[in-house]
Amino acid sequence: MEGLLIALIPMFAWGSIGFVSNKIGGRPNQQTFGMTLGALLFAIIVWLFKQPEMTASLWIFGILGGILWSVGQNGQFQAMKYMGVSVANPLSSGAQLVGGSLVGALVFHEWTKPIQFILGLTALTLLVIGFYFSSKRDVSEQALATHQEFSKGFATIAYSTVGYISYAVLFNNIMKFDAMAVILPMAVGMCLGAICFMKFRVNFEAVVVKNMITGLMWGVGNVFMLLAAAKAGLAIAFSFSQLGVIISIIGGILFLGETKTKKEQKWVVMGILCFVMGAILLGIVKSY
């Protein structure tokens, strides 16, 4: 029971980042920079308490991973501007799950048993269906939704997904570091990536400083993800962490005023259910 409660914390922490950042405001580049500053602050605090051994390879690959992460996060913030948080977040999370699972299964042979392929392919099918319903719009309302530039949103989700999957593959399949040790080099890389997106014009504006809270939320989610994996197992921790899309959808509608027609509300619920079932199945696949 304790493990399940701990697993809820990453779900809420990561799932809230999108609507909290958009409630604070700022351009995507400012949101990314503010978030990475918060992550760097969190990483420094962790390092002061843990003081792990820091090797050259840890710094090099940690910084590289952080830069890749910043590409993913910046693209996600861009997509939120085009599509809204309640649409962009589930699409981004689903794309990462599908892409990451396929890379893991086909390139790194993470699926070796028949049951893994059966459950894994079923999960991916559910996630794709979830994609469809989460982004489906009421045709009668499309003329009123000119501010939601979905084509640009899908393009930004595409490069965001490449960034996130590359970062995940680097840390999970190529270089395996202690999470508490690599968090500082990674946070440095995240900041460097964010500064590149700002074209090296660094301004510590109020909106940037306020967005640091999302970086702290990211850090808290990471720590409790590790604790949940230790207490309840990786399958539970992974599945629960992916359910943050529910929080982002609800948060976008309640706190950002993103409107949905009755048809779209039904489609969103169907999409959420598919995401939940798909994420749980992928968690089960990881347990084999």
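Using N, Cα and C of the backbone, Cβ positions are placed for all residues, glycine too.
If you check Swiss-Prot, you get these features:
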TRANSMEM  4-26  transmembrane segment
TRANSMEM  33-50  transmembrane segment
TRANSMEM  55-72  transmembrane segment
TRANSMEM  85-107  transmembrane segment
TRANSMEM  117-134  transmembrane segment
TRANSMEM  154-171  transmembrane segment
TRANSMEM  181-200  transmembrane segment
TRANSMEM  207-229  transmembrane segment
TRANSMEM  234-256  transmembrane segment
TRANSMEM  268-285  transmembrane segment
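A contact links the transmembrane segment (33-50) to the transmembrane segment (207-229), because at least 3 Cβ pairs that are 6 or more residues apart lie under 8 A.
Long-range neighbours of the transmembrane segment (181-200) within the same chain, counting only residues 6 or more positions beyond its ends whose Cβ lies under 8 Å from a Cβ of the stretch, are 28-30, 32-33, 35-37, 39-40, 42-44, 46-47, 50, 52-54, 58-71, 73-74, 171, 219, 222.
Simply put, out of 4-26, 55-72, 234-256, 268-285, 268-285 has the most Cβ pairs sitting under 8 Å from the transmembrane segment (117-134). Beyond the transmembrane segment (85-107), the same-chain residues lying 6 or more positions past its ends with a Cβ under 8 Å from any Cβ of the stretch are 15, 18-19, 22, 72, 75-76, 79, 116-117, 120, 123-124, 127-128, 130-131, 134-135, 148, 153-154, 157-158, 160-161, 164-165, 168-169, 172-173, 242, 244-245, 248-253, 256, 258, 260, 268, 271-272, 275, 278-279, 282, 285. Among the stretches 154-171, 207-229, 234-256, 268-285, the one making the largest number of Cβ pairs under 8 Å with the transmembrane segment (4-26) is 234-256.
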